[in-house]
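Swiss-Prot annotations:
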BINDING   His124, Asp153, Asp157, Asp245  Mn(2+) 1 binding site
BINDING   Asp153, His155, Asp245, Asp247  Mn(2+) 2 binding site
Amino acid sequence: MEKFTMSETKVWSGRIDSADGPTAVRWHQQVRAPQEDSPAGVALIGYPCDLGVYINKGRVGAANGPDEIIKALANLPWRLTHPVYDCGNIQWEGELEDAQAALATKVFKQLQAGHSPIVLGGGHDVAWGSFQGLRRHLDQAAPDKVLGILNLDAHFDLRSDSEGASSGTPFQQIAKYCKTAGKPFHYAVFGISEYANTQALFDRADKLGVTYLKDTHCGYTQLGPMLRALDAFLSKVDCLYLTIDLDVLPAATAPGVSAPAAYGVPLEIVEAMLDAIQRKALPVLMADIAEYNPTYDIDSRTARVAARLAARLAGLLGKPTTKA
């Protein structure tokens, strides 16, 4: 079995409220490294890579994201009934594709072990690595299951990869893979900014049959229609891969990202979408949190948001996956 290394011990540390009894526990007191016979749970995987952001001409710094999210997560109150494992950060040498391949291998192994991965990025090129690992697992465990990809993001990330992969190309790469493999490409993006995507990207999304809602249609007054659109998409698929780019949030909420949003989708709306997914009882096989950039954060504001979302996702994903 692959040997796993937990993130630095100093990261998993925090307050201990022993005087308040056995239920006054926090994440740092519960998370462990996985063992060969570990019961099914949630597997945290770090993707400390921002090469894709650099290639995409973005502001780098997201490589430091995973450990900073864990620092914020460590001190949160523990509210889960299933285990969470720290599988450490991926280890790789070389180019972006090498990092994505290393991630794919780690995601696949955790899914095969019955765990539900949550990958902490890192640039949104994380999605190509996550998808490859998930697709390999499904091809062995449940090849007939229809996979849906839900991306909460200000960007389509459908840029051409003709000159190489980047943080802007993962879903174009997935679309090409699906076409070659004869698989349906069920991709939805909620939170799209009209001012952060060229017309060429809107045209490509339309050509590929992408379901999307603009950020201006994801506000409080549009909550009903937005949730109906989400439900319609979820009804088309058997299982879900959920990926959250933190730049979907307003810059005031998430300043520490590679490309901050001028408008954005409120955190309350993002969490309403998570609630809707949970009510749907659709299997969420894995999730990502992408583009956290500590270099530009303010008072760890974005780290706290990312940690909150990670904790929510851990509750949403905490069901055994199908083993091959």
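Glycine residues also receive a Cβ, built from the backbone N, Cα and C atoms like all the rest.
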Whole-number Å value for how far Asp247 (Mn(2+) 2 binding site) lies from Asp157 (Mn(2+) 1 binding site) (Cα to Cα): 12
Neighbourhood of Asp247 (Mn(2+) 2 binding site), C-beta criterion under 8 angstroms, separation at least six: Asp153, Ala154, His155, Ala254, Val257, Ser258, Ala259, Pro260, Ala261, Gly264, Glu291
Spatial neighbours of His124 (Mn(2+) 1 binding site) that are distant in sequence (at least 6 apart) but have CB under 8 A: Gly52, Asp153, His155, Asp157, Ser167, Gly168, Pro170, Thr243, Asp245, Asp288, Ala290, Glu291
For Asp153 (Mn(2+) 1 binding site): DSSP state (helix, strand, coil): coil
Around the Cβ of Asp157 (Mn(2+) 1 binding site), the count of other Cβ atoms that are within 10 Å: 29
Extra residues within 8 Å (Cβ to Cβ centroid of His124, Asp153, Asp157, Asp245), Mn(2+) 1: Ala127, Asn151, Ala154, His155, Ser167, Pro170, Phe171, Thr243, Asp247, Val248, Ala290, Glu291
